[in-house]
Amino acid sequence: MSQLVYLVPLLPLAGFLINGLLRKSLSKQAVSIIGCGVILIAFLISLGLFFQVKANGPIIQTYFNFIDIKGLNIPFSFQVDALSVLFMLIITGVGFLIHVYSTSYMHEESTPHFARYFSFLNLFVFSMLLLVMGGNYLILFLGWEGVGLCSYLLIGYWFKNTDYNYAAKKAFIMNRIGDVGFLLGIFWLVAKLGTLTYGNVFAAAGNLSAVDVTGITILLFIGATGKSAQIPLYTWLPDAMAGPTPVSALIHAATMVTAGVYMIARSNILYSMSAVTENVIAIIGIATVLLAATIAIKQNDIKKVLAYSTVSQLGYMFLGLGVGAYNGAVFHVMTHAFFKALLFLGAGSVIHAMGNEQDIRKMGGLRKYMPVTHITFLLGCLAISGIPPFSGFFSKDEILAAAYAKNPVLWVLGVAGAALTAFYMFRLYATTFLGSFRGTHDQEHHLHESPAAITLPLIALAILSVIGGWIGIPAVMIPDANAFHHFLQPVITTEAIAEMPHATEWLLMVVSVAVAVIAILIALGKFTKRPELNEPQGLGGFLAHKWYIDELYDAVIVNPLNALAGFFKNIIEKSGIDGIVNGVGRFILYSSRQVRLVQSGQVGSYILFMVLAIIVLVLIWINDGYIYTYLSKIF
Amino acid sequence: MPIQYYIYLSLALFCIGIAGVLTRRNAIIIFMSVELMLNAVNLLLVAFSKMHHAVATAVDKVNNVGTDGQIFVFFVMVVAAAEVSVGLAIIVMMYRNAHSVDVNFLNRLKN
Amino acid sequence: MNVIQVLFWILSAMALVSALMVLLSKNPVHSVLWLVAVFFAISGHYILLNAQFIAIVNLIVYAGAIMVLFLFVIMLMNLNKDTEPQKNIWMKLAGAISAGCLLMILVSLIKQAPELQAKTAMMNEGGIGLIANLGKALFNTYVVPFEISSILFLSAMVGAVVIGKKD
């Protein structure tokens, strides 16, 4: 089985090449089969690898020397251990379902664009697999950049819309800012340790000084804030909803945005050495949770709500990483992948049925038209709200328990965030599926349940959302039932064990669930009959405008930069650089026009110049013989 | 005679030739100035030939050092004669085409 | 001052004056005649240097053949004072001044040259300029260039005919 490791990323790459290069000659059916098939095979191989890793421990495959210079050897290697095989299963598993979903969702596109979509999607899966399977930070970085590229390509998939292109550029640039930090962190590692291979880095981590560890981890974390949409680089993710909905589900909810969590969980040995970094991560995580959750309350675009919800849930993962609950964070990545992919695909199903309408104020009462979508969406909402026994409850509870052990204030804020989460999710649910239909008569006429290619992935993901949490049942409920911890044990060696009385733990669970249930009831009561249809005022308006963060960034960073660029373009470039360049040209033109007069074509003047030159040469020769000695040196 | 005298004479003739080339526009006069310069050089060659012969004779009574210089003068004359025949043919040709012997008409290379 | 010196100065003065007159004459025919005078003066110098062969050849080839050719051409074209093209006065001045500068520089150069101090040219004696001596050199050492010069003449003749013929 371990000989097949390289096939896992290679198959999606092959799919990308085939679909991308033959997009004009393949039929939609062939494209679908190739696109989905390679992911399915990769998933099956990953499944085989999972069992092998479970039985025999990690597999490390080295293929060739990627960079081999004096003092630095970076092999091209794959490391398949518990953590990466878990991510591989999420990526290929959820990825496969979303591919299947896409075959129906994107069916109205013309064939070459349909193939382009699938080739990009396959390329994304390839990059993401490279990211999680890489045996060192450099391969991780390659995948890291690859997924950024695919994100850009897929957000701007409908490239004829200028706003979408701006959204794509915004995502790309925001990611780039984070990547600079990531790259600097890698350079720092190379400078201090001379290696990037995980095993060697973690073995030698003890030699690093406190400043080095803090610097490296903060820089890597900056990369993670860009990729995983944390404060202050989160604003690209809501705009990234410009892409097709399955893309939002796969890239901007389930997989790519969790790359930062993967990277930090992978480097848990480094991160646990720096208390400063852990505190920074925890604070940024909880701040992101609350900021994004408050914004989500007032959004009316179905995908925007889910996008801010994603930012908020990613904040929970970082809170978990910050308080040392690496297992909890990775666990939340997994459950979040299930229920958030489910919610996005459900939203996509709704948007599809509504004829590309995304405003929830024009929906309502969809329950009776789209039963499967309704049920699965409700299950997703319950899961994200942390209601037992759905998957979200177990992962969120694990993070909150660790937060309480670290600092009760973090727990209080976390529970507040959970309440907000439950509130906005059920606001969304109630406004969309309950009450009466508020769209046009034409839309109502066309409302229908989506085809099987869409509902089957929804059902599969709904099942996973319900039962996915059961592999991580906390010890306080059933002792030794936490298979998840056990499986990740070899990779995550620095888990902070939250030691507290069982009674306290039970109390925490009950309080968080109770708060969530109250929030759900309030939301259902408030929005089922009288959904918010007016433009929000006051504080609500402030939240609806996303805390004016985009405007703040525009004012503080974008506009000054534009002004500076304008200054350089109009003043320095036009008058300075152009002036010099044109001046040189003008000088040459002018002087050559003057010198040209010498070439009068008159024999007499030529002879005169000849005589004058002879005089000058003789004079030079008489005076010091310099020219003569110079020439004699040459010849 | 001191050799410098001959050199000065030759230089003076040579520079008069140059002045002729520089100041006149008549192609035939310019050509004649060139002949003048050639003759200045011939004179100098013969003078040097005799100078070397004088130096050699002081050592050995019977010698023919300096013959080369005069042979050289002979060949210069040969070449000059050939050159004059072709050059005058060109001037005649030029006169036939331009009805003038002004060298400033020979500026077609300019464009 | 012996006879040789007197002759030297007379011939030198005659050569220089005639050369200047070549330039200063307005009429090309006069220029040719002054040039012939220069050649005679130079031939006189050759005789003083006892280079009899060169002197005779100079008279025959230059003063005789070449200058007659010049005269022939000038008269054929009917060139005279009126048709003489005139140069810009400034160009004339520049030409004269630069020629003068060259003369001045070269003279100063010769004055300083240590190799030429106290060297004299053998006057009125020495046999190397005689026909017997030069003839031996010409037909032994320099026979190949001599033959080549005949080819040069042939080609010059052909060239002159080709250029000069009416087309």
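Just so it is clear, glycine is given a Cβ too, placed from its N, Cα and C backbone atoms.
Annotation comment: TrEMBL describes A:6-23, A:82-102, A:114-132, A:138-159, A:202-224, A:245-265, A:271-293, A:305-323, A:329-351, A:410-430, A:506-524, A:603-622 (among others) as transmembrane segment. Feature annotation from TrEMBL assigns domain 'NADH-Ubiquinone oxidoreductase (complex I) chain 5 N-terminal' to A:67-118. Annotation comment: TrEMBL describes A:136-421 as domain 'NADH:quinone oxidoreductase/Mrp antiporter transmembrane'.
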Segment-segment contact (the transmembrane segment (A:202-224); the transmembrane segment (A:506-524)) at 3 or more Cβ pairs under 8 Å:
no
Could you tell me what the rest of the chain brings near the transmembrane segment (A:114-132), counting residues at least six beyond its ends with Cβ under 8 Å?
8-10, 12-13, 15-20, 22-24, 26, 28, 31-32, 34-35, 38-39, 42, 83-84, 87-88, 91-92, 95, 98-99, 102, 106-107, 139-140, 142-147, 149-151, 153-154, 157, 244, 246-247, 250-251, 255-256, 259, 262
For the domain 'NADH-Ubiquinone oxidoreductase (complex I) chain 5 N-terminal' (A:67-118), what's the mean pLDDT in this predicted model?
90
Over the span of the domain 'NADH-Ubiquinone oxidoreductase (complex I) chain 5 N-terminal' (A:67-118), count residues by DSSP class, listing helix, strand and coil in order.
32 helix, 12 strand, 8 coil
